[in-house]
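To keep things clear, I will list the structure first and then write my remarks on it.
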Amino acid sequence: MYLNELKNKKILVLGFGKEGKDNYLALRKLFPEKTFAIADKLEFKELPKKTQKLLKQDKQLKLHFGKNYLRSLKNYQLIIKTPGISLRNIRPFLKKKTKVISQTEIFFEYCPGKIIGVTGTKGKGTTSSLIYQILKNGKLRVHLIGNIGRPVFQALLRAKASDIFVYEISSHQLQTLKKSPFIAVFLNLYPDHLDYYKNFKEYCRAKESIARYQTKKDYFIYNSEQKLLREIAKKSKAKRIPIPTNYEFLIHPPKFCKAKFRRAGIRIPLTGKFNLQNIMAAVTVGKIFGVSDRKIIQTIENFKPLPHRLEFVGRYKEIEFYNDSFATIPQATIAALDALGKRVKTLILGGSSKKEIDFPLLAKKILKSKIENLILFPDTGKEIWQEILNLKKKSKNLPKSFFVSSMAEAVKTAYQCTKKGSICLLSPASASFSLFRNYKERGNLFKKDVKSFARS
């Protein structure tokens, strides 16, 4: 269905980030002579020089770059939208008969192999990567695609029936999906991306698509500790498998996973209870595909944690530094504090504000953890500090507060106020956009400044 539409209709690729570029390259490979268009809010001159040259050389390409890019939508019949652009924002610019589709929809429609879809507010990347490594070490023909793997269309063009695709899928990618994967892994569900959705309910509805269209031949692996996910599981026709939650699986493996783990003999390179859950979800997928216990154990022991997820930066001037820049919601920071324990004496947090994100639980956790120093970025730094002040009657000892406006200032302050032998943790509980382009830039600057100030 989609290939005929792609061939016969006027197409526009909306958004030119990583996925948009993949869309463009795949379309050009499929249709070398076809004229189509690209639209993005960036000015053309803001693109990398190499990308500018690539697009200028394509004589069959129309370009709509800059702040008025959405006005071009009315001239096209088929829009291939990238996930970061909200449907709500583009609807006023569409004609009634204009169809909006996504890369994810096309992949699910035409993929000849098996798809393992992994979603959740947090933990998708780690779990997807671990599943991929387990299946790869089990000698299966497996590919990691999406946000942390190969470009999706590039993988689709080479896909075979024997292939397995591990696809980390965000709520944005799930929102318009009309098919569900062979194995759906749903890790957790917390308020997030509420600058993109009307409310938390709409966000949940988008996430549900991962299980909504499953059949009896499929599998739904989910976190049964969360009521919302138990409700979603009830709607799935697939074989439902709760992620084991006793956290003693290394000694007493769940019946479904017969791997004979032994805690004393296994090194787990991932910190925190939430990562044990990610591991158990990945183990369950491995057993569905028949990967041996030995291979699963080897994979867990040799797994390298992803950057910016409770990443140990190093020990400098007798202080341990951890980079958890990927923690963009309060629940993630609470999990990080649980994982590292009461040795955390300095916490760097705050960032851009999101509607419907509340901080009371985080404030309680900070006071309970007896953190001594809070280093706070705008905008949410003030909100978090106010929540702590609201609780001051219930706590005798408030942490010291330091309001900063740059990463260098934050790290310099951390060195000055953190006790030797303790931990300084960057775990912002907020998005990055008040001061940084994204969580990666924020985390990389933290690591750079930690090492730079260590030498001073």
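Every residue gets a Cβ built from N, Cα and C, even glycine.
Residues or ranges marked as domain 'Mur ligase central' by TrEMBL: 118-285. For Gly120, Thr121, Lys122, Gly123, Lys124, Gly125, Thr126, the entry in TrEMBL reads ATP binding site. Annotation comment: TrEMBL describes 308-429 as domain 'Mur ligase C-terminal'.
Here the features listed in TrEMBL are placed on the structure.
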{"residue": "Gly120", "record": "ATP binding site", "contacts (Cβ under 8 Å, 6+ apart)": "Thr127, Val185, Phe186, Leu187, Asn188, Leu189, Asn223"}
{"residue": "Thr121", "record": "ATP binding site", "contacts (Cβ under 8 Å, 6+ apart)": "Leu187, Asn188, Leu189, Tyr190, Asp192, Ile329, Gln331"}
{"residue": "Lys122", "record": "ATP binding site", "contacts (Cβ under 8 Å, 6+ apart)": "Leu187, Asn188, Tyr190, Phe274, Phe326, Ala327, Ile329, Gln331, Ala332, Ala335"}
{"residue": "Gly123", "record": "ATP binding site", "contacts (Cβ under 8 Å, 6+ apart)": "Leu187, Asn188, Phe274, Asn275, Gln277, Asn278"}
{"residue": "Lys124", "record": "ATP binding site", "contacts (Cβ under 8 Å, 6+ apart)": "Val118, Asn147, Glu168, Ile169, Ser170, Leu187"}
{"residue": "Gly125", "record": "ATP binding site", "contacts (Cβ under 8 Å, 6+ apart)": "Asn147, Ile148, Glu168, Leu306, Arg309, Phe326"}
{"residue": "Thr126", "record": "ATP binding site", "contacts (Cβ under 8 Å, 6+ apart)": "Leu270, Asn275, Asn278, Pro305, Leu306, Arg309"}
Helix-strand-coil residue split for the domain 'Mur ligase C-terminal' (308-429), DSSP-based: 48 helix, 30 strand, 44 coil
Non-site residues, in chain order, whose CB comes within 8 A of the mean position of the CB atoms of Gly120, Thr121, Lys122, Gly123, Lys124, Gly125, Thr126 at ATP: Val118, Thr127, Leu187, Asn188, Asn278
